[in-house]
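Undergrad: Pasting a structure here, questions to come.
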């Protein structure tokens, strides 16, 4: 005879950011415009790069893909968060949870690889400008993009594979605002050792490899900039790197806080806040960071507006 404890879970209840009805209403009013700005801003970056011949370079090719990934990253998480603000109880089936987990990890991991690729692109442009056209040829750019997306899919398969092999027969309330693996592992019954270790290893390898690439690239970039005799050349080199460094610092700072810091050093609410930053806020900020601090993007924007008669 089947007991209550043997009943398998078929859906999860997402607890969200808060259980206060007033605060949920305030957060909905705040985060809905954030999501709209994220989608509109990143689509605008993609269209601007596609329609501006002067931006048809590897650097802006990678930026357009970063904008696409940011749309996917935010969309994998934000809609269900907005729904949780409007409902007392937000439920999601196991299949939906697996899909959200997979898409979130895939886009997040791809963003890591793209940020590393963009750092390598800046390294080649500043440290080996005469070899730039050969070392960043269309074939190599396509390879780097393909590898970034493949890496995202492989890491996502590690997470979703562990999730689908978990058994859930007890509590089904996820203490998060989306289906993240580690809160889900806490709800599983039976042995979950592999589900804890395997994703941690794959995520650590992604973070270490991409962050190492970024750090090494910028060490060489800084060395090359300091050797430049022209102040104008140094300023131009710094300006091309500042926006990327800002995006890297914001993204990796919050991701490392969530996935690297010892779990005992922070609370579940602190994890939620950090997760909001890197999944919801940063995808909105990236178009602003790369457009407001980039002369070429601003010039392309002015030319596009002039062509469409938006301003003289």
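Note that Cβ sites are derived from N, Cα and C of the backbone, with glycine treated the same way.
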Undergrad: So, in Swiss-Prot, are residue 92 and residue 295 both on one side of the membrane?
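TA: Topo match: no.
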Undergrad: Transmembrane segment per Swiss-Prot sits at which of 79-99, 100-120?
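TA: Within the set 79-99, 100-120, Swiss-Prot attaches transmembrane segment to 100-120.
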Undergrad: Between the stretches 26-46, 238-258, 272-292, which one has more Cβ pairs under 8 Å with the transmembrane segment (55-75) than any other?
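TA: Ranked by Cβ pairs under 8 Å, first place goes to 26-46.
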Undergrad: Let me make sure I understand the structure: which of the disulfide-bonded residues listed (97, 189) has the fewest other Cβ atoms within 10 A of its Cβ?
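TA: Across 97, 189, these disulfide-bonded residues, the one with fewest Cβ atoms within 10 Å is 189.
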Undergrad: For the topological domain 'Cytoplasmic' (47-54), jot down how many residues DSSP puts in helix, in strand and in coil.
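TA: So the topological domain 'Cytoplasmic' (47-54) is made up of 7 helix, 0 strand, 1 coil.
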Undergrad: Could you name the stretch, out of 26-46, 100-120, 134-154, 238-258, 272-292, with the greatest number of CB pairs under 8 A to the transmembrane segment (197-217)?
TA: 100-120
